[in-house]
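Quick look at what TrEMBL lists:
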type	residues	note
COMPBIAS	260-274	compositional bias 'Low complexity'
COMPBIAS	284-308	compositional bias 'Basic and acidic residues'
DOMAIN	15-110	domain 'Ubiquitin fusion degradation protein UFD1 N-terminal subdomain 1'
DOMAIN	111-186	domain 'Ubiquitin fusion degradation protein UFD1 N-terminal subdomain 2'
REGION	194-321	region 'Disordered'
Amino acid sequence: MAMFFDGYPYHGTSFEQTYRCYPASFIEKPQLESGDKIIMPPSALDRLASLHIDYPMLFELRNGAAERVSHCGVLEFIAEEGMIYMPYWMMENMLLQEGDIVRVKNVTLPKGTYVKLQPHTMDFLDISNPKAILETTLRNFSCLTTGDSIMVAYNNKKYYIDIIESKPANAISIIETDCEVDFAPPLDYKEPQKVVTPISSGKKAQEAVETPAEPEPKFNPFTGTGRRLDGKPLSYQPLPVSSTGSNEKKPDAHNVNPHSSAASSSQSNAQQSQGKLVFGSNANRDKETGKAKESKPEPPKEEKEEPKFQPFTGKKYSLRG
C-alpha cells in the first residue's frame, strides 16, 4: 500500500519527487546562476527533516525524456508547491525547458579528490589569475558531475567549462574537501604549425651542395719569362709554375752548376775583349754584326751544351770597358 506525506508519495528513508522546473530569473534570484543550488518548496524541507538524511543535502536531478542526469545542492525552501527554480545553465545541461518535469532524489556523494576541467575557449586562460577565479566560483558549488558544463562569470563575461573527469566517482562532493584540479587544453586550442623549409630536388641544387668550391690560386712571385739582351732565343725551356708555393720556384743557390757559371763568365769575357756593348736594339745589332764580319774570324769552338738559365749568377761589368 502506497504511503503519502502532504499529498506526495513517501518512499521510506529516501526522498524522491517530481517537480516542474523554472529558471532562477522567475523569482529574481540572480545569485543562483553562479552556483549549482536550487530552490525547493517548504514541503520538501519537512519531509527531508523527518527522514534524518545526511548533511549537506545533495540531490540527483534526472530528465527522463532526454536521459540526462546531474547533481546539485539546495539554497532555500521558498518555492511554490510542485515547482523548483534552477540555474539556467543547469537547465541547458539537462535539455530542460520552462515547465518541464524533472525528478529530484536525495543522494550521498563521496568527497572528491581529483577533477579535470576543460574550458570551451582560450579566453579563460587570458584571465590574469584563472586559478583564483575558479577557486572563488567553486565555493558556490556543492558537487560536480562528469559530463556537465559549469559556468564561471567574471568581468561581465561568462566562461563555460566542461567536467571531463572526476575521482573517486563520476559525481563527487566538493564541500570541505582538498581536491586536485587539472586543466585540459581548451576546445578551440590549435597547436602551432611547424614551418618546414622546402628542399629543392633538382640536379642543380644537388650539384651546388655536393660540388666543393674551387680553391683560389696562391700568389707566386717571379713567374715571368726571361729574355736575353743580345736578342738570341733562349736555349732552355722555362720551368713550369707550381701552385705549391713560391719556395719551390726559387732555385737553391748551393745547387748552381759550376760549369755553367764558368761558361757564362768566359763568354762575357770574350764579348768584353771585342769591345762590344749590346742593348738589344736591331739597328745597333746590324752595325755591330757587320763590324764583327770585318774582324778576323775566330777559330771554331767545340759546341758545348748550353747551360740552363740560373738567376743571380752573373758578374758586374763597368761601362768604361
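Counting starts with 1 at the first residue shown.
Glycine residues also receive a Cβ, built from the backbone N, Cα and C atoms like all the rest.
Automated prediction, rather than curation, is the source of TrEMBL annotations.
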Per-region confidence, the domain 'Ubiquitin fusion degradation protein UFD1 N-terminal subdomain 1' (15-110) (mean pLDDT, whole number): 92
Per-state residue totals over the domain 'Ubiquitin fusion degradation protein UFD1 N-terminal subdomain 2' (111-186) - DSSP helix, strand, coil: 14 helix, 34 strand, 28 coil
